[in-house]
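Before any comments, here is the structure.
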Amino acid sequence: MSPELTGFTNVQKIAPTIIVDLRYATTNNFTHQVIYDFTTAIVRTGTAHKLAAANQALATLGYRLKIWDAYRPVSAQKRLFNVYPDLEFVAKPNPNFSHQKGVTLDLTLTDLAGNECPMPTAFDDFSPLAHRDAPRTAIQNHYYQILNTAMTQAGFVGYENEWWDYRDTDMASFQPLAADPNDYQ
Ligand SMILES: C[C@@H](N)C(=O)N[C@H](C)C(=O)O
């Protein structure tokens, strides 16, 4: 992978219409604790370009992406795992994995005004209803398919147990890398 793609990028710098609402920067998450001290969503630059392509495709259909989590330091993963050590829904701390190396996003779909579309569950609903093969209502399935098509066509793969978790298909090409998102505002 070229060196220009392996650093970190603030996703809103290349896709300003993406909404960022980092839930672990607030107490509005499953831990009820503030997990980290930043509100800027960063991912590896190659991943950011793919995300911008997904958001652009969605814009033509009248939708936007809303990000709930992006790069997550290993220290934050430790806090999440301490509260909910269930590998189905929270990964073990590991600098070479997923959010912790900046190749994964937790996200949902909104309309152009920023209103969230109906999806299978709330964010971090750690129940079987979050699984990608769970039964969905027709309306939930409609919006899920719009999101899933845009993300997979842009080069992401969805984690089977969480409908909101999308990983760069090139994730294995990225070596571990840490950053402070506050440096990318
Ligand atoms: C905690 C949840 N939002 C999540 O990101 N789960 C995956 C499995 C992870 O911890 O990487």
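Each residue, glycine too, has its Cβ placed from N, Cα and C.
Per TrEMBL, site 'Transition state stabilizer' is recorded for Arg72. Close to Arg72 (site 'Transition state stabilizer') in the fold, though at least 6 residues off in sequence, lie Tyr24, Tyr36, Leu80, His99, Gln100, each with a CB less than 8 Å from its CB.
Using a 10 Å Cβ-Cβ cutoff, Glu162 (active site, proton donor/acceptor) registers 21 neighbours. Per TrEMBL, the feature active site, proton donor/acceptor maps to Glu162.
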